[in-house]
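Peer 1: Feature table excerpt (Swiss-Prot):
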type: BINDING; residues: 19-26, 81-85, 136-139; note: GTP binding site
type: BINDING; residues: Thr26; note: Mg(2+) binding site
type: DOMAIN; residues: 10-204; note: domain 'tr-type G'
type: REGION; residues: 19-26; note: region 'G1'
type: REGION; residues: 60-64; note: region 'G2'
type: REGION; residues: 81-84; note: region 'G3'
type: REGION; residues: 136-139; note: region 'G4'
Amino acid sequence: MAKAKFERSKPHVNVGTIGHVDHGKTTLTAAISHVLAKTYGGEAKDFSQIDNAPEERERGITINTSHIEYDTPSRHYAHVDCPGHADYVKNMITGAAQMDGAILVVASTDGPMPQTREHILLSRQVGVPFIIVFMNKCDMVDDAELLELVEMEVRELLSEYDFPGDDLPVIQGSALKALEGEPEWEAKILELAAALDSYIPEPERDIDKPFLMPIEDVFSISGRGTVVTGRVERGIVRVGDEVEIVGIRTTTKTTCTGVEMFRKLLDEGRAGENCGILLRGTKRDDVERGQVLSKPGSINPHTTFESEVYVLSKEEGGRHTPFFKGYRPQFYFRTTDVTGTIELPEGVEMVMPGDNIKMVVTLICPIAMDEGLRFAIREGGRTVGAGVVAKIIA
């Protein structure tokens, strides 16, 4: 069977559904798929296809996730939905499914519930930039005042976590009724799609961001100088550009005097490409794996940060026993392990395998980092946790 050609002409945006268990996330995902396919063309996915989420492994962590695609007239969306709460936690922390925006589903029959709050907090910690609210099951609430009350509660909760609760779009609808084809509720799904189009800005492409390449290997080529190799994470580097070597040691500046890929010389290296970069006047011993090459001033080295961490369960190959404060594992950033110590939140004595927890990490040497950077926690080369930098402290 021929694969459909990937449509690149429209901007591509990644979204997903979040919210409390049984509030209708998967039903809404199916409703969006159906209503948009019916209105704008495309393939409709059934509830059962989405609910039966395939198992994926991201950094050794088992996550069940459903990916569907749909189109509006102006955009192409990739949408992720998870069956269980634990899957959301893992997904958001590992960045397995990066979201440019999230649809928070709240059943108007219940209002905000504990996981509603937890998903909003996680969105804040892992850097989901925009949230749109879909109040579901509105067909089951006769009282307009009650709907208003729930909307107010949700807006206040979002404001509590520094999302613009007063200004973000809230759509009142019924995913099930829309899925059953009732026109007044289908219209609400189109309203939601229009909100996605207008409220979530087009994401900046990796290639338009400032240049950054994690250094994987260093060679010296006699008569030419030092070459560092790696995969360009973002941006473009051109021959003649000034670059910085950041992390582990004192930051130094140098110039890119050559870019090569598959033994061919190029004028530039772009996001996603594996290349070798020749550095002017840099000695082989001045650079090491674990540092990054970047556009000057675009990223700084840090040692202390607040993070959101998921600790692998025993079944996932993680630890069999809890850990306590003073735990000193390795933190794996991009290409290297750095030892660090942890500080647990007040009142938390120990962390069990399978938990997710906020912790402050202090590394023994600085690493180039931005908020939103993912890392793994390892003991002797074995992954025991996954985390994301939520806030840089020092």
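Cβ coordinates are placed from backbone N, Cα and C, and glycine is handled just like the others.
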Peer 1: The region 'G4' (136-139): which same-chain residues, six or more beyond its ends, come within Cβ distance under 8 Å?
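Peer 2: Residues 23-24, 27-28, 105-109, 147, 172-177, 185.
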Peer 1: Using DSSP and collapsing to three states, where does Lys25 (GTP binding site) fall: helix, strand or coil?
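Peer 2: Assignment for Lys25 (GTP binding site) reads helix.
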Peer 1: Want to know which binding-site residues, from Cys82, His85, Cys138, are within 10 Å of the residue listed as 'Mg(2+) binding site' at Cα; which are they?
Peer 2: Cys82
Peer 1: CB neighbours of Gly19 (GTP binding site) within 10 A?
Peer 2: 25
Peer 1: Going by DSSP, give the three-state secondary structure for Cys82 (GTP binding site).
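Peer 2: SS state of Cys82 (GTP binding site) = coil.
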Peer 1: Should Cys138 (GTP binding site) be counted as helix, strand, or coil on the basis of DSSP?
Peer 2: helix
Peer 1: Measuring CB to CB from Cys82 (GTP binding site), give everything in the same chain under 8 Å that is also at least six residues away in sequence.
Peer 2: Gly16, Lys25, Ala53, Ile63, Asn64, Thr65, Ser66, Tyr88, Asn91
Peer 1: Summarise the model confidence on the region 'G4' (136-139) as a single mean pLDDT, whole number.
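Peer 2: For the region 'G4' (136-139), the model's average pLDDT rounds to 98.
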Peer 1: Tell me whether Gly19 (GTP binding site) sits in a helix, a strand or coil according to DSSP.
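Peer 2: It is in a strand.
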Peer 1: For Asp22 (GTP binding site), just count the other CB atoms lying within 10 A of its CB, please.
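Peer 2: Result for Asp22 (GTP binding site): 12 neighbouring Cβ atoms inside 10 Å.
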Peer 1: Kindly report the helix/strand/coil residue split of the region 'G2' (60-64) according to DSSP, in that order.
Peer 2: 0 helix, 4 strand, 1 coil
